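Right, one structure below, let's go through it.
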Amino acid sequence: MISITLPDGSVRQYDKGITAMQIALSISEGLARNVLAAEVNGEVWDASRPIDEDSSVKLLTWNDPKGKATYWHSSAHLLAEALEALYPGTKFGIGPAIETGFYYDVDFGDKTLSSDDFKQIEDKMIELAKAKNEYIRKPVSKADAIAYFTEKDDEYKLDLIKDLPDGAITFYTQGNFTDLCRGPHIPNTGFVKAAKLMSLAGAYWRGDESRKQLTRIYGVTFPKASELTEYLHLIEEAKKRDHRKLGKELELFAFSEKVGMGLPLWLPKGTALRERLQNFLQKAQVKSGYEQVMTPHIGHKNLYITSGHYEKYGADSFQPIKTPQEGEEFLLKPMNCPHHCEIYKTKPRSYKDLPVRLAEFGTVYRYEQSGELHGLTRVRGFTQDDAHLFCRPDQVKEEFKKVIDLVLYVFKALGFNNYTAQVSLRDPENKTKYIGSDENWALAETAIIESAAEKGLTTVVELGEAAFYGPKLDFMVKDAIGRKWQLGTIQVDYNLPERFELEYTGSDNQKHRPVMIHRAPFGSMERFIAVLIEHCAGNFPLWLSPEQFIILPISEKYEDYAKKLSDELKDSDICGLIDFRDEKIGRKIRDAEVKKIPYMLIVGEKEAAEGQVSVRKHGQGDLGSMSIEEFKQQIIKEITV
Ligand SMILES: [Zn+2]
Ligand SMILES: [Zn+2]
């Protein structure tokens, strides 16, 4: 008999050679129907693989990321089986699972595949899936593996086998298709109920441009047809909300090849939006005892040698800027922290002065690979809503709680009601990887865990995910269509105070090192605004809207009245514009709807005569006539809510 420990800590006895599937069956048939694979002593295995020794076993289902990955990787085999059936002689590269779905790199020889072929392939996959063929694992010798793929004339598999040690090679067969694979896989193809091929791309074999370009086929599969429908709907919805598309339509930001890739240009409306966000956060920060500072966009190379950033990013980032003076070099600022450390050092600090909280909307530059750039979410220059808190070790918890409050305040104001937090701690088995004393780590880790619990956050704790210089707390938000984004972060740092020799005088009159906390509730202005655009589909809360109203005069005759209204609203800090175009009112309304302007104020003869406005709200329609004073009150009420 062997002992199997399940995730809930219970231990069950089974015969040696039991499989995860049999374990599932011994618990419930319903569970067994959903088991895709199992984690055995931390390694993902086929559910049908015999377990020969005492082990801890976690059964993996669709709801488990590792279960999903196994499912999608197995679907890549199914795609290959379908391709081989439809296009005999096809050669196969690799077919991994990706974040959503899978791909397979394929050499079709002379044939060029197009999306017109997708339907036929998808149908074939489902036909093969219905056969419920098992994925059968078979260890093979290197010689046999070479013989098999030589016979099949698949140079890609032969190239892969070349690097594998004899004795570690396995084949997996489902139906008529055999693949070289380490596994694991789902029990049988019958779990795949819906398949969709998404796109095609070229991919060099082994990522090497001097080698052959294969066709990469991206696909996704689901255990229920309804899940595919939902997924396709989500993609459509995401396309509509794409911040790159909306950013252009709403005239928020642009990119110019001439200025440089990944360097956003903020247009007037985008700038207005961004400034409102900054003012909002800055106001909250001032209330929480932060002091605003400003530092230059460049710094002496030595500054970043001291901070360690040069060693870490120097070679892969923007290269130093030289000056006419021999040997003098500056770097574009990759981080604001070193500058803030120097501000801390401008005067002696006592224990009574701490915490010192320095905040800056600081623009930093990092050289991202051109292929990695994506709208505002991956850029080469961005502005962090940065702040550094310099505190005593006994203040870490209190400061952490305050920062959590601030982050939650920001999320609430912007309608992110669904969030979780990840606590990243050090790996207790590998303490030498980290800088800072055991005592301080214990203090900071407890502070984070306790603050998160006291603030009622839903957290996951990840061991070994801390930075080498300190533990951290990261916030993930779920947007309106269920996608997860990492936003704000709070990070404890023992490293920089050491490197910059920061000090304060304690109550004992001795010198002590402060602890530094880095924090950014938005993360960066660029990324946050991108996420916000996609979350609210461009319908910003009224207080953030760069244009809160548009006045639509029915004809030229009412322009003076329109101007008078506009001035009156602007005096109350309500901003907007007038549509002076010589267009029909219906057209003006449609255009204002497209621009997602929250309020449309229609003025004609009746309104001008009675000193009223006819109000329409974006997405809601007609709100009727009201006086300008009533309208103002409505807006002010909405903004303050
Ligand atoms: Zn496989
Ligand atoms: Zn920092």
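Placed from the backbone N, Cα and C atoms, the Cβ positions cover glycine too.
The record from TrEMBL ties HIS388, HIS518 to Zn(2+), and of the options CYS337, CYS575 it ties CYS337 to that site too. Annotated Zn(2+) site CYS337, HIS388, HIS518; additional same-chain residues within 8 Å of its Cβ mean position, judged by their own Cβ, are MET335, ASN336, HIS340, CYS341, ASP386, ALA387, GLN491, ASP493, LEU496, MET516, ILE517, ARG519. Secondary structure by DSSP for the domain 'TGS' (1-61): 14 helix, 23 strand, 24 coil. Same-chain residues at least 6 positions away in sequence with a Cβ under 8 Å from that of HIS388 (Zn(2+) binding site) are, in sequence order, ASN336, CYS337, HIS340, CYS341, TYR344, ARG357, LEU358, MET516, ILE517, HIS518, ARG519.
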